[in-house]
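Shown next, in structure tokens, is the structure this report addresses.
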Amino acid sequence: MHSVSPSTYPSGGTSPAPADTPGTEYSEYEFSNDVAVVGMACRVAGGNHNPELLWQSLLSQKSAVGEIPEMRWEPYYRRDPRNAKELKKTTSRGYFLDRLEDFDCQFFGISPKEAEQMDPQQRVSLEVASEALEDAGIPAKSLSGSDTAVFWGVNSDDYSKLVLEDLPNVEAWMGIGTAYCGVPNRISYHLNLMGPSTAVDAACASSLVAVHHGVQAIRLGESQVAIVGGVNALCGPGLTRVLDKAGAISSDGSCKSFDDDAHGYARGEGAGALVLKSLHRALLDHDNVLAVIKGSAVAQDGKTNGIMAPNAKAQQLAARTALNVAGVDPSTVRYVEAHATSTPLGDPTEISAIAGVYGTNRPADDPCYIGSIKPNIGHLEAGAGVMGFIKAILTIQKGVLPPQANLTNLNSRIDWKTAGVKVVQEATPWPSSDPIRRAGVCSYGYGGTVSHAVIEEFNPILRPDPLDDGAATGPGLLLLSGPQEKRLALQAKTLREWMTADGKDNNLSEILTTLATRRDHHDYRAALVVDDHLDATQVLQALANGTDHSFTTQSRVLGADVSKDVVWVFSGHGAQWPDMGKQLIHNPVFFAAIQPLDELIQAEIGLSPIELLRTGDFESSDRVQILTYLMQIGLSAILQSNGITPQAVIGHSVGEIAASVVAGALTSAEGALIVTRRALLYRQVMGKGGMILVNLPSAETEEILGRRQDLVVAIDSSPSSCVVAGDKDIVAETAEAFKARGVKTFTVKSDIAFHSPTLNVLMDPLRDALGQALAPTVHIKLYSTALVDPRGQDVRDLEYWTGNMVNRVRLTSAIQAAVEDGYRLFLEVSTHPVVSHSINETLMDAGLEDFAVIPTLLRKKPTEKHILHSIAQLHCRGAEVNWAAQMPGRWATGLPTTTWMHKPIWRKIETAPLHTGLTHDVEKHTLLGQRIPVPGTDTFVYTSRLDNETKPFPGSHPLHGTEIVPAAGLINTFLKGTGGQMLQNVVLRVPVAINAPRSVQVVVQQDQVKVVSRLISSDPSLSDDDASWVTHTTAYWDRKVLGSADRIDLAAVKARLTTKLADNFSIDYLDKVGVSAMGFPWAVTEHYRDTKQMLARVDVNPAVLGDDPLPWDSSSWAPVLDAATSVGSTVFQTAALRMPAQIERVEIFTSEDPPKISYLFVEEASDSVPTSHVSVLSETGEVLAKFTAMRFSEIEGTPGVSGSMESLVHQIAWPPATPAEEPLLITKVILVSPDATARAQYAATLPTQVQSFQFSTTEDFFSNASSLPLEKGTVVAYIPGEVASLAEVPAASESFTWNLLELIKFIVNGSLPIKVFTLTSSVGDGQTPTALAQSPLIGLARIIASEHPDLGSLIDIEEPKIPLSTMRYIQGADVIRISDGIARVSRFRSLPRTKLRPASEGPRLLPRPDGTYLITGGLGILGLEVADFLVEKGARRLLLISRRALPPRRTWDQVSEDLQPTIAKIRLLESRGASVHVLPLDITKPDAVEQLSTALDRLSLPAVQGVVHAAGVLDNEMVLQTTRDAFNRVLAPKIAGALALHEVFPPKSVDFFVMFSSCGNLVGFTGQASYGSGNAFLDTLATHRARLGDSGAVAFQWTAWRGLGMGSSTDFINAELEAKGITDVTRDEAFAAWQHLAKYDIDHGVVLRSLAIDDGEPVPVPILNDIVVRRVSELSGSAQAAAGSSGNDAVPSSGPELKAYLDEKIRGCVAKVLQMTAEDVDSKAALADLGVDSVMTVTLRRQLQQTLKIPVPPTLTWSHPTVSHLVVWFAEKIGK
């Protein structure tokens, strides 16, 4: 790192190279041809994300070769099974970026949806180009609208092929998103550049050709700046396969340039970028010149032996042309970066060419050195040239020739002895004999392009002597910014780390200058006032931690539509304080501004005002006036010298004099005379007047005062206040009078009645004293507070200033005028804010929300720092600051560039395999694919492929979390496939699931028809033939044509069915029994029933699902049939989850298309099996279709239990508790706590009428119990202690829980009529070690309440005081949490939609193939099931931790019977491609952390990316029977094991940290005191980790798993579950819940289902109250009304509530369109900046209409470009 000094260099002229510099005589050369490289950046394999890291890799000869990430080729495995064979033969090794898919789309205002359609080459190029500009010290925004050029090498279209060949999912923006031109064009678009923007495809020479184009653009004057580079990304195997076949790829996947073993190259990926300027311009702009490009050339090698064969003569020609352009003698070039692709033909050819140019006539001891970067980072093809260029620059800069990597034996086909060139084989200092370091760079394309460039080091004599600013003196401003607020802390963290490491010795002022003048200032800003280097790191740390700091400002700039111009407001009397000028008079700018006025004023008053500032002697009003003016003049000078300029000014009272000076209406000397001579006259009236501030508007105050002249409104301060002035006695009386009216008044510290008729006597003397005409020109807008019209242009002459003394100060009018003119930023220029409050009031009264009022100084605060703080506040609100004026010195290079906030973005390809034939037409709602006759028979088969993308129904039809084809779809398939009108004996055997791709056949053989399928394997090693065919549904069909059927009298049926149901009865019924969604869109619009029959009017219009009409084949009977089978299942009196199992007969009586509106007549016909008949009727009653004897089977599960995920997975919410009508009597409180201070503190909060007793231990309490009043009205408050560290948690938890158990036992065994209240401290927040230590008490309290109801509660408090009111009024709750002063109780509720993760981010709790996944309890039943699930989801490496070890593998075939299932399971996992490691370790032991860490190192597995803590011990005992040892035997392992894992894998170190907890303590399972306590600890630990930023920390609070684990279902467990009103879950349901919770950012998930109860029946446990299903046979009128209005949010009518409601809804719509979270949508950001393009605008408009039910014009977002604007528009519409 170094600093760059400002310099000047004469325009034009020749290069002043020293006479003894060789090379300049090679040809005539003009200095104006020199092109400077002023910035560079790169991102390549091996974690080399910047040039400095790359340099270290070069020096250490690192080779970044590795295997291709598994995700890259995965779509090709799925697309066609034949690919697997080819991919196995394709080279999979190369040089790959760690996470090519990562992109910071928010930084660039690109939505995740659009980013997914962009080639990763565009994404990485955007980021690298931005980094290069930052490295150059060029703010990107400064280039907006400029002629800056972008030339970029690109020639890989892998991603384009990947996404565009997925035809069903092609989208509009994929064209530009995957085009070559999109790479440079995207950079130009983002930066708003107007210069050339061109993609260069010259194969492997592309990026060096791009550099050449950039050089040419600058030399020809097309562009002042050029951004050039190249990129390569390997997203598919196609080209690699081509190169394999051509023999160009190295078999071992590595480059070996110049080596005898070189037999092909290895492909690499990444990007590099350079920023170019003319050298002359770079010097004028004080840029850091990294290197100088002297010359470059591009040519073609003509017709060679083959188009891909190299040509040495052409390579030499290109090099000589570049040298000639450069005016450089080749003998002066010390190093050449060779192309060197490691091919047997290419390397010798290239070396001969280099030797022919650079090696000729060179002495053996003075060779030209050569090297190649490719063995380090691979061959980047289109990006290769620029990376070689970057290496050459680094070599010149560092003065070291880095050694060649992967070099063992020099290529024997090259004559090295006579070549005159030498490969660098060890790090070699650049020869000191070279007067200037020069290098050449070669790059060639396999199509024949040859390119060459010549560069040299920057000659420092071109720059004048550097200016040495020296160490920073005094405080300075450190600026950070980002497009989103969350970036500020990250940027602060990155900068602090750099300043304490690489940048620890750098000049602070240079760092500040760089951040202020050489970096962009985004909308979210932070400005830190710092004293020195150490202070800067500390303040940065505070910002990174989210800690407030007194001199740190952080805010968003004012909205895009709001003016950022600043109004300076100069306040009047009242801001003074004794030391206000003592520091400032040492400021040279301040002193220079006031010093000329000192002599003038001293001549008038006989005293030096500067001396008065030194002494702080200005108690009298006349001195205050003079010094107020002087301070304001000095402060104005300081502000202006710091780059702050007012666009308008306002003066308040005496402040109007300084305001006029700044505006140009007065000179500072004239202002000094006015204020001084006026102050001298004030001596005549000092001590006679008084002033008070009145909390009433001026008009109302005037009305009260009447027409009095001795008492007037002197100052109109704000819309709600004014100042009254007059005789001091009258003012005092008036204050009392106002007080009597209930009006607040405040005395103003003044003994003069300013701005009142009292001063009329001074007007003539003032005219005489001033005695001269003043008629200046105003050059800054000046609002008057002395005139009725604040915009009045009255000349500031003698009359004006005379009137100013006595006229009312109309501050409110002046501020209102400024607001009307668009101003929103106000700076009070004073020594303490006097009018800021009034300005704020006025702005708020105007209905403004986006504004700022900023003080310049604060009383008794450091003046220099506070002035900077005010500038910081202005900057952070968007004011223009001339930072160059404030920081004109040197700037520093090497500061960290933008810290990206990456998210993985990769287009998921769902295209069906090519081998499956034609796919069925989903719009016809059948499974009929390609029709294939069977030769020689009348049999034919329809073949197709079924998966989630080809499901033949538009909605969703899940059963226990698995999507299945509805029965209606299968019946429709049979009808369409046979062409018949009648089906008989339809048997629905096995549901057709679509959770995995499957081949489907519909077989029609004579009069039989069936649907069969088999799974398509995702394992490349398995053939589809290995899967078995499954028969799903069978039927017989009849060819006869049915005639018309009977007609049913609808009116008679309606009259007979007297009970009218709610329209949504069937949907609600189905949802409650587990059918959470419908496969087809239909809605019931009328519904009637009696005990055995139903009549329902059904609408099957596809628009039911939304505004977009679905693709719909009008001949499909499936939607009507779906309504029939669904409504037909709801006729039965008992609720259960039922599916059609058999239908005796299906008949269609019409050849016309099914109706959109029909009636369903349902008759129950049950015998031993639930059965119904369903007729489909026209609106006139004609029978169109009929289901006869549709028999239903009850699905495994519990009647009355909803099957949807929403009914399975819950959060714990904390709604306010309902107070009891009769309070609990509490007269005495016994405090038990080991903390004496806490006892005293809590006792002090009790009212005097409540007696208290204090004990330090339970034993102390028990021993004194006989002397205590243990009677009704007495309660025990148990207050556990606090802990300071995690190390103390296990012991403390054990102590706290056992103390509580002892208290309970004592009270129960003694039959004492007292209650126990346990008071924990903010356990719910989970932030502190104390919270963790106390958390087991939560679980214990719930179990105690279950076993001993009404014995008291646990109350989690937020303040250290006895919550007496809560103890008295909140009764019957086991655990109470006090939050925001409100007592709350726990309830299960649906997962909050606000926590739903954006679809683009994907789920968070699932594995990836490159990680290791650790499971404790790994050999247990649940542990192995978790392992199976993780492998199913892609995990390839498992580490199973268990207390027991497995025998050696060689003995596995002879293990005991009890181990055989475990061994078999592990072998099954391994057969599916997983590597399974078993680690015998007791995770609860004290040395577990050390043992686990050692084992992980020893195993050398890939990093652990996920942890599942599934270990545990269960030992049920009732509270009264448990012993301390037994209790601790369960609790200690839970806590110790979890803490051990927490220490080894701290927050954010793994993708997920899952802990298996239990719902037992939540619903109060008896006997689980210890188990429940331990699980409550796990729950809080998850919260603790989440508070530390770990988004993958989750505690699953499971119900029992059916047949599995410690809580597996048994008769006892089932009885306990039923008693608590819940059910168990199956293994599949459990993991479906896991995947559902993975979609949410939440630290816990309660997994259980509630049993249905009859309406009016009490809930088994209160926590279930909000999720329990209540059975209702029919709805009352009120219930129907409620049902009719359900689903609509209560919309506030007006005011802030409406705006908040609209803001939430509109941000939600925008987030849905952009596929991001609503929290990430900035209401004040332009929608276009967020990524909403013209296509998305259409979708957004539709979303807004659907959500807010208001027609939206197509042009709305044109005139309302932000969410805030849209809120205003919709608010107006709703208001009307």
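Here the Cβ of each residue, glycine as well, is placed from N, Cα and C on the backbone.
Taken from Swiss-Prot, the feature active site, for beta-ketoacyl synthase activity applies to Cys204, His339, His379, supported by sequence analysis. Among the features that Swiss-Prot reports, active site, proton acceptor is placed at His957. What Swiss-Prot lists as active site, proton donor is Asp1113, and the listing cites sequence analysis. The domain 'Ketosynthase family 3 (KS3)' feature in Swiss-Prot is assigned to 32-457; the stated evidence is sequence analysis. Taken from Swiss-Prot, the feature domain 'PKS/mFAS DH' covers 925-1201, and the record attributes it to sequence analysis. Sequence annotations record features per position, and here Swiss-Prot assigns domain 'Carrier' to 1700-1774 based on sequence analysis. Annotation comment: Swiss-Prot describes 1-26 as region 'Disordered'. Residues annotated as region 'N-terminal hotdog fold' in Swiss-Prot: 925-1044. Taken from Swiss-Prot, the feature region 'Dehydratase (DH) domain' applies to 925-1196. Annotation source Swiss-Prot lists region 'C-terminal hotdog fold' at 1058-1201. Taken from Swiss-Prot, the feature region 'Product template (PT) domain' covers 1205-1657, and the record attributes it to sequence analysis.
Everything Swiss-Prot records as a feature, shown here on the structure.
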| residue | record | Cβ contacts under 8 Å, 6 or more apart |
| --- | --- | --- |
| Cys204 | active site, for beta-ketoacyl synthase activity | His339, Thr341, His379, Glu381, Ala382, Ala384, Gly385, Ser443, Tyr444, Gly445, Tyr446 |
| His957 | active site, proton acceptor | Glu963, Ile964, Val965, Pro966, Ala1077, Met1078, Gly1079 |
| Asp1113 | active site, proton donor | Asp921, Glu923, Lys924, His925 |
Overall pLDDT of the region 'Product template (PT) domain' (1205-1657), taken as the mean: 88
The region 'N-terminal hotdog fold' (925-1044): DSSP-derived helix, strand, coil residue counts: 18 helix, 49 strand, 53 coil
DSSP helix/strand/coil residue counts for the region 'C-terminal hotdog fold' (1058-1201): 24 helix, 55 strand, 65 coil
For His339 (active site, for beta-ketoacyl synthase activity), the number of other Cβ atoms found within 10 Å of its own Cβ: 30
